[in-house]
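Student: Straight out of TrEMBL:
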BINDING   A:Ala27, A:Gly28, A:Ala29, A:Gly30, A:Ser31, A:Gly32, A:Lys33, A:Thr34  ATP binding site
DOMAIN    A:6-291  domain 'UvrD-like helicase ATP-binding'
DOMAIN    A:292-572  domain 'UvrD-like helicase C-terminal'
Amino acid sequence: MNNYIAQLNESQKEAVLHKDGPMIIIAGAGSGKTRVLTYRIAHLMQQGVDSFNILALTFTNKAAREMKKRIAEIVGQSEAKNLWMGTFHSVFARILRSESEKLGFPSNFTIYDTQDSVRLLSSIIQEMSLDKDKYKPKQVLGRISQYKNSLITVKAYYTNPELLEADRMSGRPKMGEIYKNYVDRCFKAGAMDFDDLLLRTNELLTRFPDVLGKYQDRFKYILVDEYQDTNHSQYLIVRALADRFENICVVGDDSQSIYAFRGANIQNILNFQRDYKEVSIFKLEQNYRSSQTIVNAANSVIENNQSKLDKTIWTQNDKGDMIKIMRTLSEGDEGRFVASAIFEDQMRHQLSNDQFAVLYRTNAQSRAIEDALRKKNIDYKIFGGLSFYQRKEIKDTLAYLRLILNPNDEEALKRVINYPARGIGDTTMNKLTVAANELNKSIFEVIENIDVVNLQLNTGTKNKLRDFVLLIKSFQAEAQTLNAFEIAELVLKKTKLVRDIEKDGTPEAISKVENVQELLNGIKDFIEVQKEKEEDDSLAVFLIDVALATDLDNDKDDKPRVSLMTIHLAKGLEFPHVFIVGMEENLFPSAMSMNTRSEVEEERRLFYVALTRAEKQVYLSYAQSRYRWGKLVDCEPSRFLEEIDEQFVQQIAPKQPQFKQNSFIDSDIFGETPPETVRFKKPIGVKRKEAPKPIKKASPVQGNFKRMHQVKMDIPEGPFATKLKVGNFVIHGKFGKGEVLAIEGNENDQKAEIKFENGEIKKLLLQFAKLKIVN
DNA sequence: GACGACGAGCTTTTT
DNA sequence: GCTCGTCGTC
């Protein structure tokens, strides 16, 4: 176990062995970052640093768990136990739990998830009689989230003329008022939203110097992973805590910053050297994960970004296979391509399912892939999407548990006060809400005092309300002696919640009941695990875990499965074979992120992240048409496809039978296909002379390009490429006007060397270059 | 107040 | 195409 140093390369070793003081590790994709972090922590401990004094902040719970496991393997389970390691949110949620009363929050404060926050904002907007279309709850929440992440409190908001003006200009002059109400209501409910966990931590550390001092002393060594994705609020917490010892080690890669949309500030990593004196800088540039082809292709893509730190990723690995690009007809067709490619690779190379991952830009894309995999009997697992804990039946059950710990939790109360139905309807709730606002009390407190408060409610309703309060209070009394599992069981029995679900009798109802059962099992597991680790197994801690849970670890069965997830979720993971699907304009890059250069650059970094997940093989696919919002729309190939240096890519074509007339019958788009889409498909299949092979090169002219080059519409007979001659002037969507200097390659794979107005000479693959001839 | 039918809006990504 | 919220009826 002492031999761990020997497993490191020179720069990794330096980073691990570096002594005290601020340091930054710029770690390229696949450069052994996790290894350096874990070894560094283990090394600190072997040098005599008490694990109690180390704080390691990771980006996901999963990363924390894995790292902790690996550290335990080096230093031993009992040594690693005191190590404080987790996400910003979970670490500071726990700290806040023991300090929250200083801020006026109960120690059993609730954590509102996004859904809770949106619902609360909806009611506030409604109560204020504002236009729901101008003040869309989700957007309002996004705005408030921005304020909070920038540490703009309600007070700061009102003294900031620019913000006031910006919101007024965007037609939302009441933003400040909504913000204030939202914060007040959360406070009254004893609830913090995700952003509050950071904001309130900052408040705690600023307002209470003794508390700050306590944690500064405790966390003598602080390590932050994925530093490029920290927001301002997180940045300030780290700065404050590290201020005493300055033993701060941040690890990150600016090229993998993909969370600007939720306030991540890439400047945090770019400016780290300015924040501290005498920063030691380490660069990990050797990639151990991917083939040369993949590393170089990814480099050629990220080259297109202007703002980045100077580093060059290289690898000694084999050259590896070309990146394969596949055009498909529809999302269903794309799914079938993925499924059969996985099937064929498995046959050819004896690979198991867990060697494959399918990555996509949006969760909605998973459906088509799932269908295709299921038809081919390929086991898969989906990460993300609607999490287990967000299902209605689970949230309802959890709402009761939340109420037991914190009866002021308004969102939990509204969820279950009339579920299962007990005759407390909207009218009553409206009266209660108005009263609660007027009296500055929570709804639960109003109900507790229902006999004192003069609300126009009839006796029957009052009795029902009293019964509800009594029910919750009886649970609270029982919770004194019962553990989390027993209390959950009791709640389900007393409220008859399961029976209410069952009476539906539908197949969905059965699965819902199973889910509730699964939740109970989860609570049981939780108690056992916590006991084993000698950690707090209270209901309160369970609810914190649940609120911040993301990756459901349904690794229950150990069957190898194909992984399906968004690219965001794939960060930090690696797979031998990776499919990146939906490589289309408006999807990737997303239509919402094409307005500014920096938005497109973030999308490009996202593509970079996707590419660098792969060890051996990357497949890129796009569909010519796809259902979006229930409508079939035509799609163009993504601009990112042409940004990959063409020497690393290879266009592959679908199998012949796909184009036979009868194959349209089982195609998704049969019957809905606009005539011209069909017309464009035929020539390709007909033109091919070679015998159909599993994989072969395609003709340069392909149906879907009709919209990109109107020119081609007139010449359906011959390939566009043959029309282009040396000396032609062309217009390119990104590079502008240019002159064709040379054309090379065979008919199937033609490239043109073009000198553009800005002086740059580019070699473009004619299949992807969006060129228009102007002379 | 409960329940079913209908329509609007939605899809960017997550703690 | 799906989900959530609103509206109308009982």
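For all residues, glycine too, the Cβ spot is worked out from N, Cα and C.
Just so you know, TrEMBL annotations never went through curation; they're auto-generated.
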Student: Under DSSP, is A:Ala27 (ATP binding site) part of a helix or a strand, or is it coil?
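Tutor: Going by the DSSP assignment, A:Ala27 (ATP binding site) falls within a strand, counted as strand.
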Student: Ranking the binding-site residues A:Ala27, A:Ala29 by other Cβ atoms within 10 Å, which is at the bottom?
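Tutor: Counting other Cβ atoms within 10 Å of each of the binding-site residues A:Ala27, A:Ala29 gives the minimum at A:Ala29.
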Student: DSSP on A:Thr34 (ATP binding site), three-state: which is it?
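Tutor: Going by the DSSP assignment, A:Thr34 (ATP binding site) falls within a helical segment, counted as helix.
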Student: Counting Cβ atoms within 10 Å of each candidate's own Cβ, which of the binding-site residues A:Ser31, A:Thr34 comes out highest?
Tutor: A:Ser31
Student: Mean pLDDT for the domain 'UvrD-like helicase ATP-binding' (A:6-291), as a whole number?
Tutor: 91
Student: Around the ATP site (A:Ala27, A:Gly28, A:Ala29, A:Gly30, A:Ser31, A:Gly32, A:Lys33, A:Thr34), what further same-chain residues have their C-beta within 8 angstroms of the site's C-beta centre?
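Tutor: Apart from A:Ala27, A:Gly28, A:Ala29, A:Gly30, A:Ser31, A:Gly32, A:Lys33, A:Thr34, the close residues are A:Val36, A:Asp253, A:Leu284, A:Asn287, A:Tyr288, A:Arg289.
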Student: Might you list, by sequence position, any residue in that chain lying six or more from A:Gly28 (ATP binding site) with a Cβ less than 8 Å away from its Cβ?
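Tutor: For A:Gly28 (ATP binding site), the qualifying residues are A:Asp253, A:Ser255, A:Lys283, A:Leu284, A:Glu285, A:Gln286, A:Asn287, A:Lys311, A:Ile313.
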